[in-house]
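Structure incoming, see below.
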Amino acid sequence: MKKLLVALSLIAGSLTASAQWGRPVDYAAGPGLKDAYKDYFTVGVAVNKFNISDPAQTAIVKKQFNSVTAENAWKPGEIHPKEGVWNFGLADSIANFCRENGIKMRGHCLCWHSQFADWMFTDKKGKPVKKEVFYQRLREHIHTVVNRYKDVVYAWDVVNEAMADDGRPFEFVDGKMVPASPYRQSRHFKLCGDEFIAKAFEFAREADPTGVLMYNDYSCVDEGKRERIYNMVKKMKEAGVPIDGIGMQGHYNIYFPDEEKLEKAINRFSEIVNTIHITELDLRTNTESGGQLMFSRGEAKPQPGYMQTLQEDQYARLFKIFRKHKDVIKNVTFWNLSDKDSWLGVNNHPLPFDENFKAKRSLQIIRDFDAAMDNRKPKEDFVPNPMNQPGQEYPMVNSEGYARFRVEAPDAKSVIVSLGLGGRGGTVLRKDKNGVWTGTTEGPMDPGFHYYHLTIDGGVFNDPGTHNYFGSCRWESGIEIPAKDQDFYAYRKDINHGNIQQVTFWSESTGKMQTANVYLPYGYGKVVKGKQERYPVLYLQHGWGENETSWPVQGKAGLIMDNLIADGKIKPFIVVMAYGLTNDFKFGSIGKFTAEEFEKVLIDELIPTIDKNFLTKADKWNRAMAGLSMGGMETKLITLRRPEMFGYWGLLSGGTYMPEEIKDPKAVKYIFVGCGDKENPEGINKSVEALKAAGFKAEGLVSEGTAHEFLTWRRCLEKMAQSLFK
């Protein structure tokens, strides 16, 4: 059992962090967002009373953020509910927390139609006051708040949401149809017109001569609202109103906005201000709004995986645009600390910390960006993937390793390709006006073969443009990224080729027919000096989720053998590739895996069948066993238990051998271990050194630029084969 666990741990170590056999990942490990973005902009968060009093929550705030906004405590209706009545308790607590921890604040907000101190509009008898009285009260409010907190505040949302939403271009006033006003028809506007905006900024500048004064609003990416905001701010600034910047509320969702609309808004506002803040960022899972949000509240439910991918991708796209415009974007503020705090409801899963204040993968994606990739564009030399269906142009690959996809699904809301970078679960495609979804991987893929599938609105489908390949216990789409050294597995017209035959045999131990594919070298069966030549045999195993087709097709084992034989690098031998019973194994029961079931099939049923029906040299010194990944685990377990059966052993991303595990050093002539350089290269090198020091003939390969994937294993087979049966 100890040997088994060692093998399993080595394979687990070759996988990415998020895939290591279900191990939890601490996505908060590493620098805080404020540190990751120190050369770009400040990163902030809106807080409530719990966020600044609970030690676990305050630790998150202090590590991740260098800007804080009071979610509600500073809003006029909260802090100044009645004339002469001030609720400074929570407001002071938040300000003092920031003072004590050296965190600057955004002051939100001084004047807003909602959560406002509505008493300012009426006298003690409830009758409307004149605008002069309103202005006097508003000035007193602004001066009191600003003077109390300006030592810790660097920017103020002076006026919030004063512009009308997109809607009808006309409205009825006094029974007449007139062009709709660009302004929200608030009590402020009805009393004062747009002058209240100018007055609020004038009062704020009086109180804080150096603070950054912002106009803040939502739906800034909508063309109509964007232009209304632009025109208002431009008009005000031309009149001398001290508006320093625009706050773009980021209440977005996983489908909207796209980069083009967001960038248009940023560029448009940059024409009139040199400071933009993304003030209220969250990404709702659905498109609910208003009263519909009640359906996202209550007990937390898991976020569907594909929606998580969409959300992570949207966060990555947004922050890429934010970084691009760091010259004008000075702050990005998340609206709340966790899903539990969010006004959108916990089941919208809108923030990088979940309802238990645990970091999500989206935090890691936002933080661990690659600045070099921000402006990188693929070379436009795309050609059809060599594994495409006849006549199909997509998917395409280019010389750098990028992949490009095209899917027709006009009624779909989302299409995801399960290939891509950044740990985001794939490449999210975008739909054009014709209902065609297209997209390109964020960066170059590792060269070689990759499985993938499409997720369309949560359903899993294969790409109709390419052939299907068995992996992950199902038929998947496949794509081949060109490799610099691909000639060793390329089809060559100038040489003779062997063939691959399918063999079926009855397995008494499993009670069913089993299948194997057998590679026979060119010339097999020919009579030489009056008798047929016999051949050594390599038993070559696939990994978890695969089957007997994997090595012949994805692994290109036959072509690798043909090319080695033609170049005189090896003498011909047979390769048997059988289903290894791996796919009944369930993650979570790893300690129970012994490979004993396949050992019975292999030793008692398959080998006798092969020796009976093919021209084999039927002894251990002419028999080898090797396997990739879980097939490597099987290889290690079986060769150590049954050393009398195999004289050559090979593990391909399937763990390592150590001298102390092998009871009889004379039991094996040659040991091979290999993996990709993104897996466990240290383990491979250590194993080879130890085996050689103990007197074993051992060889290793660390595949350059690859991970747990077929180019690694093709390279391993090519190298290992040259040392077998010698």
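In case you wondered, yes, glycine gets a Cβ from its N, Cα and C as well.
Got these off Swiss-Prot a minute ago, pasting:
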ACT_SITE  E161  active site, proton donor
ACT_SITE  E280  active site, nucleophile
ACT_SITE  S629  active site, nucleophile
DOMAIN    27-369  domain 'GH10'
REGION    370-726  region 'Feruloyl esterase'
SIGNAL    1-19  signal peptide
I'd like the number of other C-beta atoms within 10 A of the C-beta of S629 (active site, nucleophile), please.
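Other Cβ atoms found within 10 Å: 27.
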In whole Å, how far does the CA atom of E161 (active site, proton donor) lie from that of E280 (active site, nucleophile)?
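One finds 12 Å between the Cα atoms of these residues.
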Would you pick out, from the active-site residues E161, E280, the residue whose Cβ has the largest number of other Cβ atoms within 10 Å?
E280
Whole-number answer please: how many Å between the C-alpha atoms of E280 (active site, nucleophile) and S629 (active site, nucleophile)?
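One finds 46 Å between the Cα atoms of these residues.
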Can you give the mean pLDDT for the domain 'GH10' (27-369), rounded to a whole number?
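Reported value for the domain 'GH10' (27-369) is a mean pLDDT of 96.
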So, in DSSP terms, is E280 (active site, nucleophile) helix, strand, or coil?
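Looking at the DSSP assignment, E280 (active site, nucleophile) belongs to a strand.
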